[in-house]
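According to TrEMBL, the features are:
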type: TRANSMEM; residues: 96-121; note: transmembrane segment
type: TRANSMEM; residues: 176-198; note: transmembrane segment
type: TRANSMEM; residues: 240-272; note: transmembrane segment
type: TRANSMEM; residues: 284-305; note: transmembrane segment
type: TRANSMEM; residues: 341-361; note: transmembrane segment
type: TRANSMEM; residues: 373-397; note: transmembrane segment
type: TRANSMEM; residues: 409-426; note: transmembrane segment
type: TRANSMEM; residues: 470-499; note: transmembrane segment
type: COILED; residues: 567-601; note: coiled coil
type: REGION; residues: 617-640; note: region 'Disordered'
type: COMPBIAS; residues: 624-634; note: compositional bias 'Acidic residues'
Amino acid sequence: MKDKDLRKRVPYHIQRDVLDELGVDQVAEKSDFKISAKEKLRDAVRCTGPRFKSCFLSFVPLLAWLPRYPFRENAIGDLISGISVGIMHLPQGMAYALLAAVPPVFGLYSSFYPILIYFIFGTSKHISVGTYAVMSVMIGSVTERLAPDSDFVIPGNDTNSTTLDIVSRDAERVKIAATVTFLSGIFQLLLGLVRFGFVVTYLSEPLVRAYTTAAAIHVIVSQLKYSFGINPQRYSGPLSLIYTVIEVCALLGQTNIGTLVVSIVTIIGLVAAKELSALAARKIPIPIPVELITIIIATVVSWQMDLKTEYGVEVVGEIPSGLQAPVAPAVSLLGSMVGDAFALAVVGYGIAISLGRIFALKYAYKVDSNQELIALGLSNSIGGLFNCFAISCSMSRTMVQVSTGGKSQVAGAISAVVILVILLKIGELFEELPKAVLAAIIYVNLQGMMKQFGDICSLWRTNKVDMVVWVMTLILTVLFNPDMGLAASIAFSILTVVFRTQLPKYSILGQVPGTDIYKPVEDYNQVKEIHGIMIFRSSATLYFANAEMYIDALYEKTGVDVAKLLSHKKKLEAKRLRKEKKAAKKAKKEAKKRAKEAVKACLCFLTESAVSAFNQGEESQFSDTDESGEESEANGDVHKLSVKEPKDVAAVEAGPDPDTDTPLPRAIILDLSPVNFLDTVGVKTLRNIYKDYGEAGVQVYLCGCQRGVVESMEKGDFFNEKVTKSILFSSVHDAVLYCQQGNSKEVQYILMSYTHTRISEVS
């Protein structure tokens with residue numbers, strides 16, 4: 001049996017007077033109460049005991065949640081999770097140190113100090129902070145730019161031979177990495193203290209995903225030299241990635257076969273092991289540490305087969321035991337890395353807060369965005385003093401931490417303890433580990449980022465503008481360095497927002513029959529326009545960038561070009577004045593002509609009378625007859641002659657524009673409900689629309705204005721003695737009823753039998 005929809009109609013009755021803005025203010029008793037800036041400042045700096053305690057606990061969240069830590073419920077899960085993540089930190093820290101162009105041991109330092117700081121100040125319970133591929137490659141671009149190999153080439157014993165001072169180069173690069181990390185931490189700390197956590201809102205999800213994908217491409221290209229055992233020239237600046245790829249291709253003939261075999265075998269082994277681990281994850285509660293097993297096997301094989309000596313395979317080298325004392329940053333270098341440090345601060349925070357919010361929403365707790373900035377800033381600035389490089393959040397480690405039962409920041413602290421044990425006792429055992437193995441670990445861990453290319457297809461179906469942002473971010477970041485690419489991508493993303501506000505959808509609204517609902521006429525078949533009334537709406541706000549387009553669209557949609565109409569009206573007025581002036585001149589000329597004829601006739605009459613008197617005698621001359629009286633009356637006295645202006649003067653009535661057949665509407669209603677702010681240009685635009693249409697005899701009304709819009713109109717002197725708030729209405733229907741009833745304010749707003757529909761299925 002076919003299912004049918006049963007629509008049950010609920011009656012909806014309203015009866016009230018039509019209200020303009022002044023009426024609404026009166027009925028709703030509008031409040032003019034505002035808190036002064038002085039009061040706001042005083043309230044912000046007021047310090048009470050409870051407020052100080054709350055601020056202190058929010059600054060050091062550890063003191064708030066640790067005393068209430070549920071030991072029985074969370075301890076086991078956090079312990080297992082911390083050990084698992086700590087084991088992952090070892091291979092990833094060493095591998096990502098290569099991306100940062102520093103010795104591998106500094107990747108382990110970066111997996112220890114910042115994690116402890118975040119444990120104290122962080123608010124996310126589930127993310128795993130530490131080394132991250134994107135951050136590492138950004139650090140690497142800075143270190144290799146400021147400390148290139150060419151600066152450390154020293155002449156050899158022979159005339160044409162040179163050697164590379166690796167020790168001095170690595171020491172300088174470590175100093176550069178630590179300094180830029182310290183500066184990025186200071187930026188994050190300052191942004192957090194001034195409550196600037198919302199800065200991450202300018203990093204949309206498509207932008208972040210495309211940026212990480214492009215950064216992954218930079219990472220892969222930077223590791224090709226370790227996979228092929230070659231030493232390409234270092235390039236910097238725009239198109240550096242393209243030049244590097246060309247250089248690598250040119251050096252493929254010099255590939256070290258032993259290094260290439262190690263890379264291929266490691267990649268195949270890692271991919272196969274990860275697939276088996278994924279299949280076994282259902283039965284084994286703890287994930288298999290594939291990377292750790294790989295580096296142990298690779299280290300043993302390299303040591304037994306002496307790959308460094310026999311086959312020329314490059315290995316990690318010396319890994320010092322213990323921890324290092326803090327070192328002050330190189331102040332002289334700060335000026336040359338401000339842009340890089342700010343890019344690191346924004347990208348690191350954006351990735352961490354995005355992942356933190358995902359898990360906070362999933363597990364029903366709140367992540368403080370400003371406190372996260374402070375936590376990451378302290379982690380990086382303090383970590384920079386201990387020769388660490390910039391950290392962020394890793395998706396792979398976070399997923400392991402969550403899947404193994406991690407429920408709080410304690411798991412991160414335990415992983416730091418694992419790294420501490422490795423630094424103190426175990427680190428030196430991995431000195432024979434081939435760097436090609438670390439590069440292979442990076443390749444395999446980046447496969448998730450490479451899968452993000454699938455976003456292009458999904459975004460094409462859902463939102464083509466976001467797809468364009470994704471593609472352009474990828475292209476800009478690949479062609480430029482990651483720091484310049486990020487700035488260009490953010491600029492392009494903001495431009496798309498500006499363009500979308502410049503190209504909104506303009507619509508003429510009509511009424512849904514029997515309701516107070518108004519919809520675009522072109523979108524609905526049953527929606528009809530109100531006779532004599534045009535209702536116009538834009539889908540975007542009104543400001544300087546689209547004000548002119550708003551007016552053009554209004555003219556086009558209403559079919560009335562007011563500028564052209566007023567111009568035509570002025571021409572007709574000028575023509576009328578010219579004809580009146582011409583007619584007046586003609587009438588004056590004719591009057592003068594008649595006056596001359598009258599004088600001439602009078603003179604002729606007097607002459608004839610004198611001759612007649614002379615011939616007939618004096619008595620006959622002065623005899624009064626009816627004929628002479630009539631003639632005299634007809635001709636009149638010359639002193640009584642007057643020139644009268646003609647009453648019927650040629651007049652030209654202003655008609656419609658000969659090029660326009662559309663009749664003028666009685667009123668135009670502008671629906672401003674989508675407008676959330678007005679600048680001075682927007683206010684001026686509305687003022688000109690009201691004035692121009694008013695001169696053309698069309699009344700303009702505004703409806704749906706938000707309070708901020710009305711205040712902007714008041715401050716912009718839109719209202720005066722002639723233009724009052726009586727032209728503003730809360731709804732389109734109020735304005736329509738007001739227009740239909742001849743602008744009478746005694747109109748009743750009556751809605752009868754309007755329905756709210758509920759749908760239930762019956763079989």
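Using N, Cα and C of the backbone, Cβ positions are placed for all residues, glycine too.
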Exercise. Which residues of the same chain, at least 6 past either end of the transmembrane segment (373-397), have a Cβ under 8 Å from a Cβ in it?
Worked result: 59, 85, 88-89, 92, 97, 100, 102, 106-107, 109-110, 113-115, 117-118, 121-123, 127-132, 134-136, 138-139, 174, 177-193, 196-197, 323-324, 326-329, 344-345, 347-349, 351-352, 355-356, 445, 448
Problem set entry | Residues from the same chain, set at least six apart from the ends of the transmembrane segment (176-198), whose C-beta lies under 8 A from its own | 100-102, 106, 139, 142-143, 146-147, 327, 329-330, 333-334, 337-338, 340-342, 344-345, 348-349, 353, 368-374, 376-390
Seminar exercise, completed: The recorded stretch from 96-121, 240-272, 341-361, 470-499 sharing the largest number of CB pairs under 8 A with the transmembrane segment (409-426) is 96-121
